[in-house]
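Inspection log for the structure reproduced underneath, given as structure tokens.
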Amino acid sequence: MAVKLGTLLLALALGLAQPASARRKLLVFLLDGFRSDYISDEALESLPGFKEIVSRGVKVDYLTPDFPSLSYPNYYTLMTGRHCEVHQMIGNYMWDPTTNKSFDIGVNKDSLMPLWWNGSEPLWVTLTKAKRKVYMYYWPGCEVEILGVRPTYCLEYKNVPTDINFANAVSDALDSFKSGRADLAAIYHERIDVEGHHYGPASPQRKDALKAVDTVLKYMTKWIQERGLQDRLNVIIFSDHGMTDIFWMDKVIELNKYISLNDLQQVKDRGPVVSLWPAPGKHSEIYNKLSTVEHMTVYEKEAIPSRFYYKKGKFVSPLTLVADEGWFITENREMLPFWMNSTGRREGWQRGWHGYDNELMDMRGIFLAFGPDFKSNFRAAPIRSVDVYNVMCNVVGITPLPNNGSWSRVMCMLKGRASTAPPVWPSHCALALILLFLLA
């Protein structure tokens, strides 16, 4: 009897260790700045590519980003399943007082330092360590050696990828799957975000950018069939955050009107969230003066709301400013981040921005998925950016590292056995093996 029970427990352990999708491939899209209502039911009627994907797969009501609702923090949250204060990528702009090094939205050389990236292990590193082949296209960070590891292939982001770049990346990724060169491919596309910033989330330019993506995705579903990948490939599409309207003409908070900028040791970022390091002896004075400013809140580090999962980050500044939705914080108007428009000079006004309180409706992103492991024509309740990691781990058949995601929020979207697999199964296997040992 003990032998039979032991055999059963061993089979249970091995079964839990092998998700149904263990050898299926995964194609991931990160579409920057894609607000949830861009693919409302009404909008889908003019987006045949997205409409087909929704009918064939899963669409969540919306995805709530991590705070701050900025790009780099959520790039890492999505790929680690951890809050910003855990993975340490707490902003697009960061400063480390100990080393006097800065992270400036990934464009400066010091942004490539392990200092910023080694706080957590992203999925592509875990897969690469497991001898799985990972192809990444324009994905911020794929060019960085993280925890001593680089992906199999990285087409480095240097300029905003064009629509043709995007289409070529999709085609190349599918060819890589067919040839066996890739197990995971991850594609980043930024144009929807760029047009949303420059012209606003409701602008014709942003809508044109979305239609261009829709066209490529429509072709993609056809290309998957042509390459015979429909039973071997899962596709997941998500965004890092949404976008809201801003009004530089009347909703700008200029810090130099309230404090002396000479009393600051360092300032990082402009917009919804600004980090301040007061000069020695100036903390209380600056805090008291900024506490009276309307349309923003100034937080000392320990007073930052716990719901942001932000204040424990090691790069969080002594003072953090958070603007009300639609308001923009800067040192002065001359320091506003104008963009280079058709004049060839940096004088274009920004019309859209993100980074605000992550619970605001306009900050919501998207999550779509289809393939052999996902239910079809299925609408799911809202999820959070920390939840996406467990879904990806499940469908590629790899053990997720400890994370902040909720399995109960995402298991409903998966078919059959995949939906019942726990997000972290080693503890179950360990229990089975311990019982087996005791019965031996």
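Think of each number as a place in line: the chain as shown, counted from 1.
Keep in mind that glycine also has a Cβ here, set from the backbone N, Cα and C atoms.
Taking a C-beta cut-off of under 8 Å and a sequence gap of six or more, ASP240 (Zn(2+) 1 binding site) has these contacts in its own chain: LEU30, ASP32, GLY33, PRO65, LEU70, SER71, ASN74, TYR75, LEU78, GLY365, SER385. Taken residue by residue with DSSP, ASP240 (Zn(2+) 1 binding site) is part of neither helix nor strand, so it is coil. Per Swiss-Prot, Zn(2+) 1 binding site is recorded for ASP32, SER71, ASP240, HIS241.
Residues or ranges marked as Zn(2+) 2 binding site in Swiss-Prot: ASP193, HIS197, HIS354. Within 10 Å of the C-beta of HIS354 (Zn(2+) 2 binding site) there are 30 other C-beta atoms, taking all protein chains into account.
Around the Cβ of CYS142 (disulfide bond), the number of neighbouring Cβ atoms within 10 Å comes to 22. What Swiss-Prot lists as disulfide bond is CYS142-CYS154, and the listing cites similarity to another entry.
Per Swiss-Prot, the feature N-linked glycosylation site maps to ASN100 (among others). In the three-state DSSP assignment, the secondary structure recorded for ASN100 (N-linked glycosylation site) is coil. Taking Cβ-Cβ distances under 8 Å and a sequence gap of 6 or more within the same chain, ASN100 (N-linked glycosylation site) has no neighbours at all.
Mapped onto three states, the DSSP output places ASN118 (N-linked glycosylation site) in coil. ASN118 (N-linked glycosylation site) has a Cβ environment of 16 other Cβ atoms inside 10 Å. If you look up Swiss-Prot, you'll see ASN118 (among others) marked as N-linked glycosylation site, on the strength of similarity to another entry.
Residues annotated as N-linked glycosylation site in Swiss-Prot: ASN341 (among others). Counting every protein chain shown, 12 other Cβ atoms lie within 10 Å of the Cβ of ASN341 (N-linked glycosylation site).
DSSP assigns ASN404 (N-linked glycosylation site) to coil in the three-state reduction, outside any helix or strand. Cβ-based neighbour count (10 Å, all protein chains) for ASN404 (N-linked glycosylation site) stands at 20. The N-linked glycosylation site annotation in Swiss-Prot covers ASN404 (among others).
Sequence annotations record features per position, and here Swiss-Prot assigns GPI-anchor amidated serine to SER419 based on sequence analysis.
If you look up Swiss-Prot, you'll see 1-22 marked as signal peptide.
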Nearest of the recorded positions (CYS142, CYS154, HIS241, ASN341, ASN404) to HIS354 (Zn(2+) 2 binding site) - Cα to Cα: HIS241
Among HIS197, HIS241, the most crowded of the binding-site residues [Cβ within 10 Å]: HIS241
Nearest of the binding-site residues (ASP193, HIS197, HIS241) to ASN341 (N-linked glycosylation site) - Cα to Cα: HIS197
Integer Cα-Cα distance in angstrom, CYS154 (disulfide bond) to HIS241 (Zn(2+) 1 binding site): 24
Reduced DSSP assignment, HIS197 (Zn(2+) 2 binding site): helix
